[in-house]
Structures are given as C-alpha cells and as structure tokens.
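Per TrEMBL, the feature compositional bias 'Polar residues' maps to 222-237. Under the heading domain 'CWH43-like N-terminal', TrEMBL lists 11-202. Residues annotated as region 'Disordered' in TrEMBL: 216-254. Annotated transmembrane segment per TrEMBL: 38-58, 79-101, 113-132, 144-168, 180-204, in sequence order.
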Amino acid sequence: MLLGLLLEWQVNQHGRRYPTQSIHSDVAYISNVGADRLWPLFITGCVLTSIFLDAAFLSERWLRHKGRLAPNSTLMEKVLTWLSIVFAAVGTVGLICLSIFRTGRYTKLHHIFLALFIGGYLISAVFICWEYQRLGINYREHRVLRISFWVKLTFILVEVALIIAFGVTSRVKQRNAAAILEWAISFIFTFYAISFVIDLYPAIRTKPHHARHQKYVPSAAADSSNPSYEGSRNNINDGRDVEMAQNAPPPRDF
C-alpha cells in the first residue's frame, strides 16, 4: 500500500502539492496522498494491515498454547502476550480510524488517531519483545527466538528515535523533514509486520503431534540438576522396594 501511494504521488501526480498539503512543504505526507483520489485504497490497505497484524498476534498465542511453537512456561509470559494483543488492538483502532477521518476534513481527529496508532503498536512491540526475551532464556536451543527478540528490539529503538525526530520537526514546522520521517517510520513498520513470518514459520514443522514442543518447567529443570534431587528420588525408590518386600507373600515349601 505504501509503495502504491508513493508511486501515485511521484509518478502519476508528478510530485504535485495536494490541497490538504501545507504551502510551505514540497514533500507530501502519507495522509495527504491517502486523502486524495486513492482514499478507498488507503482505507483498504490500513484495514488489511490491521487484520494481518492482529491475526499474527492471536496466531502466535494459539500456536504456543497448542505446542506448535515454544510454549509459554510462566504466568508472566502469558500476561506479556495478552498485553501485546490488547495494545495491538488499540493501534488497530487508531490505524483504521485515521484512514477514515482523513486529514483536511477531520484534521484534529486524524492527528488523535495517528497518535493512538503509533502509541498502541509501539507499546505492543515492547511487550512482545519482552516476552521473546524471556522465551529465549528458557528455550536457548531455539535460535529463532533470539533472532526475533533482536529484530523487535531494533525496531523499537529505531522507531522511537524517528518518532521523536518526527515530533520535533513537526513542532518547529519543518514540514519536508517531518514528511520524510513519516514515510520512513511507516516503511519500517511494514518490515516489522512482515517479521512475524519468522516467528510463525517454525509452526510448519510441528504440525504432527509427535513433533510438538513440551512445556518447559523451570522448577523441574532446577530440581533435576540438583544432586539432592537424585538422592531423594533414590530414597523414595528404596522405600518402595522395602514396602514391596514386606507385603510380598511368604515363600512356599515344596
């Protein structure tokens, strides 16, 4: 969608200034292009992007629950997952509504929903990044978890820096710089959405029941590595052997 809007402005419209665009800017904002004749495409693209992302979040949670992906082993991980889903839903509302309430006609509402979109998905990314950090510790054998964590952390740091720069340039009315930053933020967000393919791809190999993940239990792992655990288990077994010997029938005389 973003590439289509960019080509529409640069190729079809020859980089013209839109009616909703400031007279002091030569670079159009995404919302300027989206509010023009491609408005239906803009709305459709925003809705499809939201559906794809929300489906990815929900699929990730379901696949972990079923053992198709490395399952959550603590309550904290599950809480982080649901918080990421909730804030993704907030970002979804913002993204869809900013496309409907287009700039020029509903400028104030458009800016409110833009902030909701950015804030919702950014906070959601923080929570899911935190979840992957914890999963990577518990499942060190799954390299994809560490890769996904670093991808998401990089996205958060880069986007935060660009959003701050976007806010500053907008406030000091550097329209061209702000518009360029908006395009950059949006394209990076697109790559973030695509990165969920990396997260969900391992589920293809775990479709058979025998190939699915077993839940990691930290306490059991810790006990099994403790020498006293083996000793206590042997004591239990010895006690069972004594009890069986006492309850056994007396030997028969032939």
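Positions of Cβ are set from backbone N, Cα and C atoms, glycine also.
For the domain 'CWH43-like N-terminal' (11-202), the model gives a mean pLDDT of 90. Just going by CB pairs under 8 A, the stretch in 38-58, 113-132, 180-204 that sits most against the transmembrane segment (144-168) is 180-204.
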